[in-house]
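I have placed the structure first, in the form of structure tokens, so that the comments after it can refer back to it.
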Amino acid sequence: MHDKILILDFGSQVTQLIARRVREANVYSEIHPYDVDASFIRDFAPKGVILSGGPSSVTETDTPRVPQAVFELGVPVLGICYGMQAMAEQLGGKVDIGHLREFGYAEVRARNHTSLLEGISDFTTPEGHGMLKVWMSHGDKVLEMPPGFALMASTESCPIAAMADETRHFYGLQWHPEVTHTVQGRAMLERFVLKICGAQPDWEMGHYIDEAVAKIREQVGQEHVILGLSGGVDSSVAAALLHRAIGDQLTCVFVDHGLLRLNEAEQVMATFADHLGVKVIHVDASEVFLRKLAGVTDPEAKRKIIGAEFVEVFQTEAGKLTDAKWLAQGTIYPDVIESAGKGKKATQTIKSHHNVGGLPETLNLKLLEPLRELFKDEVRELGVKLGLPPAMVYRHPFPGPGLGVRILGEVKRDFADLLRRADAIFIETLRTFIDKETGKSWYDLTSQAFAVFLPVKSVGVMGDGRTYEYVVALRAVQTLDFMTAHWAHLPHELLGHVSNRIINEVRGINRVVYDISGKPPATIEWE
């Protein structure tokens, strides 16, 4: 049994980052709504509790409060931003609406050598004061600390920027240690989790495999399992883990909708059927999908058609496997958190969150989600340990509807063929061009890169003749969380090389453009 950290969510946009930082310290953590029952908190038996930030103000009535059980557990508690304010208010301090709001970088002075911050600093002033570069995002502030608390840090505009009760091991930070902008944020969270809470750093993917395999075997027994294999990271890792656990009791259904990347279907079959020995039913349904998409130009309509047809094809194939009792899905922890919703009780039913959602009821199958406790980076690490090729595990995100939403307007087979080849040239070039400063490929330096087919023709000149052919747009972005993104400043030499290859090798395309839009205002995908 792993030591656990309980994170109570008060509505912050970055609560997931808290859990990720804790797990990066090799300690298991879970996020639950702030209003969970006292019995749930006690049964969870955490080594410590972290209270997230949130958009509310404790100065108003009917705003979220920390369950009293948290303060009665006898374990360390860390309040972040709103979590600190709620702690201060409920334990006898005073919080007021701040007249000077703090949003962005701030430099705070650490005080009183508390166990949370002692020895942690970014620089020292000439007077010898330890200073921290942190990220603030708050309006309200603590005016008076509760009894038993001492000042831990301050800024000019926020005299009580952090506070500590060393006797009860209660701590409050007005800044956000979970974001990368707080330079020593990871060190602070590690100090709290490992030293103050005393949690054992034993959450590691190598150990997780053994635990997950044992759990799957106990859950499934001798029954058979079906998994919809898309070729994406989540379903691929789920397939590898399930096969490790139950072998031939697993059957994967791989639906090829004709909108995959170049040679992707062959690569999936080679990896799973040939290399790993997984039973895979390969269904080439491209004719059906393309027929249903004929004449459809609206992006949302295309998504719905592809999603509905996938369910139809999968259901038909799954129905043939009469001995199957379980449907496996590649649900991961962010899906679970998002499905639970903000401010919902932890005991509420969490809906399935995948492109085959709803199928368990339709097929009368039990639901199996072997990755539901893991973040994406943990899923990738697990995939490599299970023997999947790193090139597959660390591939850029690819939308469920595939090229269907990277072909603007109507989807046609010849458009898909042109785009597949252009996209493959772009990705291959990104993999082979190395950045001299970092020594990394430009594929690894970008978070997502792809080509988009534009259904417009432009005039060109090839040899002695004029051409009238299609246009392809290239898109490459860099991002930490995909909520915002910057367009990647790819070398001109790389872009020129890609353009020349596409125009020379892909007959039907005579113009290549590069998208230099950020998110916002643009989205990463074009549709």
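Cβ atoms are placed via backbone N, Cα and C, with glycine included.
Keep in mind that this is a model prediction, so the values were computed, not measured.
What Swiss-Prot lists as domain 'Glutamine amidotransferase type-1' is 4-202.
Around the Cβ of Cys81 (active site, nucleophile), 26 further Cβ atoms fall within 10 Å across all displayed protein chains. Annotation comment: Swiss-Prot describes Cys81 as active site, nucleophile, evidence class sequence analysis.
Annotated active site per Swiss-Prot: His176 (among others), in sequence order, evidence recorded as sequence analysis. Other C-beta atoms found within 10 angstroms of the C-beta of His176 (active site) number 23, with every protein chain shown included.
Feature annotation from Swiss-Prot assigns active site to Glu178 (among others). Sequence-distant neighbours of Glu178 (active site) (same chain, 6+ apart, CB under 8 A from its CB) are Val14, Leu17, Ile18, Arg20, Arg21, Ile80, Gly185, Leu189. A coil conformation is recorded for Glu178 (active site) in the three-state DSSP classification, outside any helix or strand.
Mean pLDDT across the domain 'GMPS ATP-PPase' (203-395) comes to 87 in this model. Taken from Swiss-Prot, the feature domain 'GMPS ATP-PPase' covers 203-395, and the record attributes it to sequence analysis.
Every protein chain considered, the tally of other Cβ atoms within 10 Å of the Cβ of Val233 (ATP binding site) stands at 23. Marked as ATP binding site by Swiss-Prot: Ser230, Gly231, Gly232, Val233, Asp234, Ser235, Ser236.
Gly231 (ATP binding site) sits 36 Å from His176 (active site), taking the Cα positions as reference. Neighbour counts were taken as the number of other C-beta atoms within 10 angstroms of each residue's C-beta; across the binding-site residues Gly231, Gly232, the minimum falls on Gly232. For Cys81 (active site, nucleophile), the recorded positions whose C-alpha atoms fall inside a 10 Å radius of its own C-alpha are His176, out of His176, Ser230, Gly232, Ser235, Ser236. Spacing of His176 (active site) relative to Asp234 (ATP binding site) is 30 Å (Cα to Cα, whole number).
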